[in-house]
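Worksheet: the structure to be examined is printed underneath.
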Amino acid sequence: MFDKSQTLAKVDAEIYKAIVLEETRQETHIELIASENYTSPAVMETQGSKLTNKYAEGYPCKRYYGGCEYVDMVEQLAIDRAKTLFGADYANVQPHSGSQANAAVFQALLVPGDTILGMSLAHGGHLTHGATPSFSGKNFNSIQYGLNQKTGEIDYEQVEVLAKRYKPKMIIAGFSAYSRMVDWQRFREIADSVGAYLMVDMAHVAGLIATGEYPSPVAIADVTTTTTHKTLRGPRGGLILAKSNKTIEKKLNAAIFPGIQGGPLMHIIAAKAVSFKEAMSDEYKTYQKQVKINAQVMANTFIKRGFDVVSGGTDNHLFLVSFIDQGLTGKAVDTALGSAYITVNMNAVPNDPNPPFVTSGIRVGTPSVTTRGFNEIDCSDLASWMCDICDDLGNQEVIYKIRGRVVSLCAKYPVYLDD
């Protein structure tokens, strides 16, 4: 038997120390990585529950193991809440990640060698949308579309031309670094014109979509995938949604289990259910609205200070800043901001002359700072501090001064209030 007094600090002091240090970092640094967020104490409590002990291969009421009556309740709640939240006819809450959700769709609807059409990683797509290092680029004939050079927005004419030329079996819409509204219906029309499936990866904007702050693709696409963290603010995991089609639903279920996964993570599925419930609250709607406002304020500040924001602004939670004109690298800017306790990620930008481990830009996102409580004034100040650092990159006096401001602002807005 286990003794509850044997806490982590007693059992593994090294891991405990690392966790405490990370907790301190999260409280004292400003997090601007667009794919990150802080999840709620209720979600974290659920992830640490005894549900982690239960194996439950299969689906609710169709398990291969006994003793699943209570985890069936949990998974069915997660399914029902996901369908309600996003207006979907079908939901699979078992994917361990967004990439596995995408892999399951590929396995369900395609065979190796089929042609796919997805957004180029260099222009804001995701690895699983056909990038060469990914399974999606290795196992399938991947054709890539990109951005219009003048507008910095998706080149729908190029998508249509490529679709007609290569006749893909599936077109993938969605992104990991794109700041504008996507015309899901335009993608649907292009897919229909060549008889292709349309898959949408809405991982980055799922929270905005859940509250109507960004257009929903769920009723338009054949299949929609997402992560459950990022803007959605739940546990790390994946989700597959679809409109009613029994054939596709059966294929999707089989692709997850037994296709690419075995037992589902019931403690994570329960945490997903909790986060879906949280996402139905009025407070959450207010939060998502502020996420957009904060991103727009920050992007506009960079523009006013003379920096190139790709596409000229943002309609969601993120934006890209290109430093090609300044001759700066994304890596150098990332490092300098990090020294001031401002965390971003270097990111490739259109026509980037630098390799992926260097880049010429950064990606900035506001989900985390908005969770802390930052408002427009805070975000305007923050963007100005970032511009000050970029204007005099490497000036340690500037970095030190701004680091002090960052620590003070973080103290004003703690992530987790003490009891």
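Cβ atoms are placed via backbone N, Cα and C, with glycine included.
The (6S)-5,6,7,8-tetrahydrofolate binding site feature in Swiss-Prot is assigned to Leu121, Gly125, His126, Leu127; the stated evidence is sequence analysis. In sequence order, Asn102, Met119, Gly174, Phe175, Ser176, Asp201, Ala203 make up the list of same-chain residues 6 or more apart from His126 ((6S)-5,6,7,8-tetrahydrofolate binding site) whose Cβ falls under 8 Å from its Cβ. DSSP classifies His126 ((6S)-5,6,7,8-tetrahydrofolate binding site) as coil under the three-state reduction.
Counting every protein chain shown, the Cβ of His229 (site 'Plays an important role in substrate specificity') has 26 other Cβ atoms within 10 Å. Feature annotation from Swiss-Prot assigns site 'Plays an important role in substrate specificity' to His229; the stated evidence is sequence analysis.
Residues or ranges marked as N6-(pyridoxal phosphate)lysine by Swiss-Prot: Lys230. Taking the Cβ of Lys230 (N6-(pyridoxal phosphate)lysine) as centre and 10 Å as the limit, one finds 28 other Cβ atoms among all the protein chains shown.
For the binding-site residues Leu121, Leu127, the largest tally of other C-beta atoms within 10 A is found at Leu121. Taking the C-alpha positions, the distance from His229 (site 'Plays an important role in substrate specificity') to Gly125 ((6S)-5,6,7,8-tetrahydrofolate binding site) comes to 18 Å.
According to DSSP, Lys230 (N6-(pyridoxal phosphate)lysine) is assigned to a helical segment. Under 8 Å, Cβ to Cβ, and six or more positions away along its own chain, Gly125 ((6S)-5,6,7,8-tetrahydrofolate binding site) finds Gly118, Met119, Ala131, Gln144, Ile172, Gly174, Phe175, Ser176.
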